[in-house]
Each structure stands twice: as structure tokens, then as C-alpha cells.
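Have a look at the structure below, then the notes.
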Amino acid sequence: MTEMRSAKIMSGRVFAGARALYRAAGVSGDDMGKKPIIAIANSFDEFLPGHVHLNKVGRIVSEAIREAGGIPREFNTMAVDDGIAMGHTGMLYSLPSRDIIADTVEYQCNAHCADALICIPNCDKVVPGMLMAALRLNIPTVFVSGGPMEAGTTVLADGTVKSTDLIDVMYATADDNVSDEELLNYEKTVCPTCGSCAGMFTANSMNCLTEAIGLALPGNGTILASHSYRKDLFKRAAKQVVKIAHQYYDDSDDSVLPRSIATKEAFENAMTMDVAMGGSTNTVLHILAMAQSADVDFTLDDIERISHTVPCICKASPSGKWEISDVHRAGGITGILGELDRAGKLHTNVHSIDYPTLEAKLADWDIMRPTCTEEAQQMYKAAPGHIISPEPWTHTTLFDSLDRDRTNGAIHDINHPEIHEGGLAVLRGNLAPDGCVVKTAGVPPEIWKFRGPALVVDSQEQAIEVILNDTLKPGMALVIRYEGPKGGPGMQEMLYPTSFVKGKGIGKQVAMLTDGRYSGGSSGLAIGHMAPEAANKGPVALIKNGDIIDIDIEARSVNVELTDEQLDERRRELEAGDGYVAHRNRHVSQALKAYAAFARSADKGATRDPELINKLSGLD
């Protein structure tokens, strides 16, 4: 038996005051010291459609925990909507919020002696922030996200009915052929329900990754927020966290702890799945940060190794025609994992919050196996309801059948891949000696090799300007620098630039490179996370207009056609002048300066530098 963390304050004269406060907050004296305190880390927020319904989720989870024999204690953390923050200085705050969210959850759980944790995230930085906290705390933890939004249904001016999502309205913004009336039609129809944005963007990628790593139940990444089955998932997750809390404290079973689940092998499985489904490049940042929180030796080199050996077998929006509901119908994350298992790409001896091995889980939840349960087959039939409403659980609509077509369906088998290369790739060269990342699933085959002159800007705002005023021409490589973790600061996303080049009709004719990052909704030849970043004296700071940029995705290379001697000469010139300073007007708040002071480059997950923190604090 392992003593509950809350035991220290639930008995003895010294902590009578703490117990008095717990009583005042609604905890029964009869439960104190007998039932585990389950912290509910919610992220309800009326700014985000992905989080607007989470207050209701929190109530469901709380009641289910109480019924299962736990003491639920709900609290809230922040949530930044990247789509709303996009394209202006609000985006500087998005990535830094990840680390603050992690701190918030750690502070709350440790300050109040929580015995276990259930996390209710949904959107981009909330999921990894809570994952980082769970791995730091290492107490019994279950994740259950709010669920993805349904895709929109938009009737175009010519009468065509099109499946749409948020990215479509952003493309339309820069398309001179789209009238204001048509743009308003997109605006009203592309986001029809609550939930995280409908494609395989960052939020859904991270929720899928959480399921793959073993900290969430099947369906977490793909059951729509609007479907009644999502409500069932919340109840099951709540009961599961109480169950594993008892396993740990009553039976001393530490296999249920996050660090026991999220091992090196589990990280490799999660990244293998991510590469196979062509997830957001942001997942690279977040999985590196998570590994550091778990003290797991998983680096960009591991991601590079995996990307060479795993093909892309699922191309969802924005890289392909499938929406998240289509991926769900094809078996969801266990469907993708099942195909990877048959190809020998997974460690199936890893365990999760609900199964002793991945192999056992796939036996029950992989729709291609004869042993797949009726419960699983029914769950994966959950379909869109096409009811425009911010309310969750509005329908019980089911598909007539499952998508088991592994040649032309939403999920392919390993013998019929969408792309023989993985959906994500790490590139290196004299422009990014420490690496950079590209979502190969979203790059048209004709520009996997690219050579062209650079057009250099020092901010996203400048990038948008040169795109919209047609300074960026076909054949050019747009280099956006000083947007890294330290240089931005905050490493903002470049969704507007990638969307606007598509709106201008040159998405297949230009390259884009940045030490910042891209939205999960970005596609095209968009290379991000260049490391070292410009503000850390990276070579990207030395590039000038007209320099020839050479990119070869198959060879995993990204270079500028300059000799080492020429680069050294430019470095001397730069350091004799202004130095590594962006030429732009941007106010940077004290909060962002604090982030910049400790931020590491993207190849380290853009996390705070632990060595610098230890040095300055004087604490081990």
C-alpha cells in the first residue's frame, strides 16, 4: 500500500486548518483520508469554440468521479485560441502559454496535495502543457479532451457544396476572386459546432498523440465534440482515473503512473503514429518538451530516424481530402496503430492507462481484427450530425458502415501508403545545422526539390505584406527570421503567410522558411523550427535577398549556396554592425521578455533552459 499524497493534511492536529477549508469547499469529513482527491484540470474558456463547452464537461467528470468513489476538485487554467491570436501580436503569447499551463497544473496539484489528476484540454497549447505537468507530477493521470469540431458544409457561389474548415476561409481571404459576400458565407459555415478545428491541425494531432502514447482512452482523438458518444467517453475517463488511483495507492501498482506509461518506447510509438498520419509540425516541439518533462532521452535525432522508416498512411485536412470524422470512421488512432503494428513498426509491449499491453488494446479496438469488440465497432460509427450549434452532444448520428478500405479509404495499409516517405521530416544543412521540420504530407510532389532566390523579412507582418503586394514571386523562397522562441519572442505561427500564398495561387511555386513555426493548418513547402534561430546567431540571420536557397526533402537537406568562408565573412560584418537584431517595430511586454530570457531553440522543444534556471536560482 502507498500512502496517499493527501494523507499528510487529512489527519493530525497540525492540519486542522487545511481540513476546515476543505470542509468549507464541500468535502465531507467522512471522506477525508479515505477517498483519493482527484484534481480536475479544466480549461473552459469562452474565447475558444474548442473550450466553450468544457464547463459542462467538468460537471460530468466531477459527478462521475464522485460516483466512482473519489473526491473531485475542479480548477481551471488558461487557453489561447491560436486561430483568434493568429496574424497579430497575440500569437506571440501562444507557445509561452504552454509552459505557464504546465506550471499552473503543477502548482495547483502540489499546493493542494492532489492524489490523482484528470486533464480536460482540447486546443493547441493546452494539451502539451497539461501533458508536461502530468509527466512532472507523476501521479495517476487520465486525459480526456473536449473533442474535434465537425467540418463545415459551404455552398459556393456556383452551387457546389463543399466540405470546409477554418483554413478554407483563410485561403479565401487572400483570393481576389472571392467576393466579400462569398467570404462572409465561408465565415458563417466553416466552423459549425463547438470543438477543436476539424482537420488534422495541432489540437487534433496532439489529442491523437495523447491517445497513442497511452494516457487517454480509445476515441479521445477522434470522437466529435457534438456526438453523444463523447459524453460517454468523459464518464469512462472519470471512472478510469479513480480506478488507477486505487491501483496505485491500494495496490502500490506504479505501472499506472505517467512516467511508467510514457517510456522511450511509448514516445517512439506516438511519433511513429504522428509521422504516419502527417500530423502538425508543432507536435515535434511538444513531444520534445514532453520527453524532457518525463526525463526520457528522446530527441530530434529520434524523430529524424523514425521519419525515414515510416510512410504516411493517412492524409487528413489540410494535407488531404479527409476530415477528422472520416479518420474516426476508419478506426481512428487504433486503426492507424493497427496498420503500423501489422507492418512491424510499433513496440506492442508498452502499456496504457487501460490495458496491460498495446497488443491487447489493439485486439479489442482495431476494427480490422476479427477480435474487435462490438463496443469499438459501434463507437467508430459516430458520424457528424450537421447541426450548427455551439452546444455539445446534440445528436446520436451513426455512419451506416465502417471504412475498412485500406487502399483508398481514410486510412491506408502499409502496402498502399499515401506517401512512401513519412508525413513529417527533419532537414539539416548550412541553413539549419541543428535541424528544421517540414510537413511532407502537405508538400506537393513537384516541389520536393526546390531551388530559388531568397526574399528575406524580419517578421510575420513583413511576410504578409510582401505576399499581399505581390513582391513574392513564383520561384522565390520567402525567409522569415527573428520569429524563433527567443527572437519573436514566442515563436509565432505563420498560418496567414501559408494561407495567403495559396490564396494568391502560388502555393505550389514558392518555398517558405522560418525559425518560427507553422499552424497545424499550414501546408505547402513550409519549413519551420530552423535551429539555431536568428536571435541565437543561427545562419538564417546571415541570409540576404537573392541568395540561392536549395531544398531537397528526399535528401533531407536545406542549404544556402554560400561557402563557409562567405558565411563567416557575413557573420563578421553583422557582428560589427547592429548584430543579431530584427529590423522591425514590435513592442515586447515584460511577460514575453521573461519567456525569451530562458527560451531554447526549437530543436530542444522551445522549452525553458534548465541549466540557466539552475544557475540563476542557485538551487539544484
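Cβ coordinates are placed from backbone N, Cα and C, and glycine is handled just like the others.
These features come from Swiss-Prot:
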ACT_SITE  Ser519  active site, proton acceptor
BINDING   Asp82, Asp124, Lys125, Glu493  Mg(2+) binding site
BINDING   Cys123, Cys197  [2Fe-2S] cluster binding site
MOD_RES   Lys125  N6-carboxylysine
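Location within the structure of each feature annotated in Swiss-Prot.
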{"residue": "Asp82", "record": "Mg(2+) binding site", "DSSP class": "helix"}
{"residue": "Cys123", "record": "[2Fe-2S] cluster binding site", "DSSP class": "coil"}
{"residue": "Cys197", "record": "[2Fe-2S] cluster binding site", "DSSP class": "coil"}
{"residue": "Glu493", "record": "Mg(2+) binding site", "DSSP class": "strand"}
{"residue": "Ser519", "record": "active site, proton acceptor", "DSSP class": "coil"}
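Other residues of the same chain near the Mg(2+) site, with their Cβ within 8 Å of the Cβ centroid of Asp82, Asp124, Lys125, Glu493, are Val80, Ala85, Met91, Ser94, Leu95, Cys123, Thr202, Ala203, Asn282, Ser519, Gly520.
Counting only same-chain residues at least 6 apart in sequence, those with a Cβ under 8 Å from the Cβ of Asp82 (Mg(2+) binding site) are Met91, Ser94, Cys123, Asp124, Lys125, Thr202, Glu493, Leu495, Ser519.
Residues within less than 8 Å, Cβ to Cβ, of Cys197 ([2Fe-2S] cluster binding site) and separated from it by at least 6 positions along the same chain comprise Gly50, Gly83, Pro148, Met149, Asp165, Leu166, Cys191, Ala203, Asn204, Gly521. Neighbour count (other Cβ atoms within 10 Å of the Cβ, all protein chains): 30 for Cys123 ([2Fe-2S] cluster binding site).
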